Structures are given as structure tokens and as C-alpha cells.
Amino acid sequence: MSVLKNDRLLRALQRQPVDRTPVWMMRQAGRYLPEYRELRAQAGSFMKLAGTPELACEVTLQPLRRFPLDAAILFSDILTIPDAMGLGLRFLPGEGPVFDHPVRSAADIEHLPVPDPEDELRYVTDAVRLIRRELDGEVPLIGFAGSPWTLATYMIEGGSSKDYRRCKAMLYDEPELLHRLLDKVAQATTAYLNAQIAAGAQAIMIFDSWGGALAHDAYRLFSLAYMERIVRNLTREADGRHVPVVLFTKGGGQWLEAMAATGCDGLGLDWTTNLGQARDRVGDRVALQGNLDPCVLYASPETIRNEVARVLADYGPGPGHVFNLGHGIHPAIPPEHAGAMIDAVHQLSPRYHEQQAEASSLTQG
């Protein structure tokens with residue numbers, strides 16, 4: 001495959017010196033872009049868009065044509081695995097994802113297959129291969145999956161939920177049953193992510209969107225333990241380079257030390273956690289990614305610049321920071337405001353890396 005021309009993201013996730021802080025956005029390929037909305041209308045459905053490698057490739061590349069980003073992230077959905085398990089995924093207007101066959105019993109769990117990522121999920125790995133070819137080494141490609149706990153909430157509830165009542169009832173009444181489901185989903189997720197890496201993904205993110213809904217000890221038992229298992233079993237080198245893994249638990253600020261001990265390379269932070277305090281807590285064990293409040297992008301470009309400056313100052317000098325939002329970019333955000341954020345990172349972050357760049361230059365000299 002092509003030689004990587006911009007490796008800032010991979011270097012930052014390994015806490016190596018960079019000339020400026022790398023930047024990308026969660027959901028950077030999505031509804032806030034008019035070109036995405038046009039292609040989505042042509043495709044006719046979200047599943048057609050995500051399930052067609054050529055279309056998924058085009059959507060993945062769209063934000064890179066607009067913005068000087070330091071990474072591409074695969075356009076897909078976290079629910080591809082339960083869909084491949086036969087749960088019958090549909091997206092309903094105004095309601096979101098719905099499963100026709102939710103998992104509610106021991107028999108349901110027993111009959112769940114572990115999908116072959118090069119069979120039932122071949123459209124994803126084909127998209128990864130196509131994107132890598134089209135990127136031609138410009139920036140690294142991030143692959144991803146949902147955490148087992150987050151996927152289980154959808155599989156048990158049958159869709160989105162505000163209180164996770166069925167899932168939490170199983171957690172408290174039948175914990176062993178939930179563990180059996182999580183074990184199977186973790187197996188499937190590990191195979192799926194390793195297939196993405198084999199196809200060309202150069203970094204991996206695990207999105208634990210609903211881990212923050214768990215009680216303190218329940219998070220460790222029912223979410224973090226399974227993410228740690230996945231991290232331990234992932235392929236960690238491809239194309240002669242380390243493949244970094246980032247864990248992101250929304251609302252996960254209280255568990256940062258435990259998350260850093262999983263063997264991952266980086267932690268994604270939402271906007272409720274102070275970046276500088278997080279850095280003090282985890283030390284140099286992991287890189288940190290984040291964590292601008294996505295709603296800042298509704299504000300003026302001047303305010304956006306000031307808030308970018310605050311996030312950069314919170315982290316402080318030195319390597320190990322990837323600038324990102326604290327969650328996905330909202331559909332109503334003006335694209336120019338995303339551009340203002342990216343420009344501000346480019347302009348304001350080099351000063352935080354000057355000493356490291358000088359030291360690296362002296363070492364190489």
C-alpha cells in the first residue's frame with residue numbers, strides 16, 4: 001500500500017513528537033455536509049449508503065476534500081455486527097435504529113451466530129480496501145466498532161433507549177446471561193476489527209456510547225472488561241507500523257485510570273472532563289483525544305477560536321494530544337464553523353510542540 005505522507009495522528013497516539021496537534025472530527029463524514037445529504041438522497045437509504053463500498057468510500061472522502069484533516073474515518077455504523085447476527089436492522093425516520101428480532105432470552109443468545117467479517121460483513125472490509133486505495137497515503141484511515149455493552153443495549157432494547165430498562169434488568173437479575181451475550185459480541189467485535197486492520201485500517205476506535213449510563217462497578221464488569229479483552233486480542237502491527245487503539249466512553253471521566261490500564265494507546269474524552277486534569281491522572285500511559293463541546297460550533301468563528309485555544313491550553317505542551325470534538329458533530333452545524341475550528345488548531349497548536357520539535361531535530365542532527 002502507499003507510503004503514509006501524514007502520520008501526525010499515528011505519532012500523537014503513540015505520544016511521539018509532532019509539529020502541530022493533529023485534528024479530526026467524530027462523524028466528520030455526515031449530515032452537516034450538503035454533499036453528504038445529496039448523496040444520501042440519491043442512495044435512498046442509510047443502509048444502502050453504508051452497505052455499498054463505493055458509496056461508503058465517497059462519503060468517507062467528502063470531508064477530506066473540504067478540510068485539511070489529519071485522518072479519515074470509515075463511514076459505517078456501530079450496528080453492523082448485530083445486523084450481521086440476524087437481528088434485522090432498520091432505520092425509521094424520527095426514531096432511529098430498530099431491530100426486528102431483539103435478544104431477550106438464553107435461547108436468543110444461544111442461537112446468535114458470530115459473523116464472518118469477510119462474509120456477512122464483506123461490504124465493510126471492501127470499503128476499507130477501496131478507501132485506502134483512494135486515500136493514496138494522504139492521511140491514515142481509522143476503523144471502528146461499538147463496544148460490546150453499547151451494542152448489547154441496542155440488541156436487548158430493540159433500538160435506542162433512554163433508560164435501558166430491559167438491558168439493566170438483565171444486568172441485575174440475570175448477570176450471567178448478559179455476560180454470555182457480551183462474550184459473544186466481544187468475539188464478533190474482535191474478529192471484525194482485525195478484519196478491518198487486515199484490509200487496511202491504520203488505527204482503531206472503540207465507541208462505548210452508553211458506558212456512562214452504568215453504575216461505577218457495573219461499568220468495570222460489563223463494559224470495560226470486554227473492551228480490554230478486545231484490545232488484548234487485536235492485531236497491533238500492520239504495514240510495518242503500530243496500529244493504535246483508542247477507547248471512548250461517553251460520560252467515562254471517572255474511569256480514566258482503569259481505561260488507561262487496558263493496553264489501549266489513547267482515550268477519547270467528552271467535553272465534561274477537564275483535559276489537563278485527565279492528563280495529570282493518566283500521565284504518559286496513553287494519549288488523549290478531544291474534547292471540544294460540539295455545541296461550540298454553533299457559536300461565532302471568534303468564539304470557536306477562543307474555545308480551541310482553551311482546549312489546547314488545558315492539555316498544555318508536549319505530545320500525546322489529538323484534537324477532536326467531545327462527541328459527534330451535530331447535523332445542523334455550518335460546515336464553515338467546522339473549518340474555523342480546524343484552522344484554529346492549525347494556527348494555535350504549533351507553539352505547544354516547538355520544544356519537542358527542536359529536541360527531535362537535534363537528536364536527528
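Note: Cβ is positioned from N, Cα and C throughout, glycine not excepted.
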For the substrate site that Swiss-Prot gives as Arg27, Gln28, Ala29, Gly30, Arg31, Asp77, Tyr154, Ser209, the extra residue out of His327, His337, His346 is His327
Give me the largest Cα to Cα distance among Arg27, Gln28, Ala29, Gly30, Arg31, Asp77, Tyr154, Ser209, His327, the residues the record lists as binding substrate, in Å as a whole number. 23
Could you list the residues of the same chain, at least six apart in sequence, whose Cβ is under 8 A from the Cβ of Arg27 (substrate binding site)? Gly328, Ile329
Could you say whether, by DSSP, Arg27 (substrate binding site) belongs to a helix, a strand or a coil region? coil
Between Ala29 (substrate binding site) and Asp77 (site 'Transition state stabilizer'), find the distance joining the two CA atoms and give it rounded to the nearest Å. 12
As a whole number of Å, the Cα atom of Arg31 (substrate binding site) is distant from the Cα atom of Asp77 (site 'Transition state stabilizer') by 14
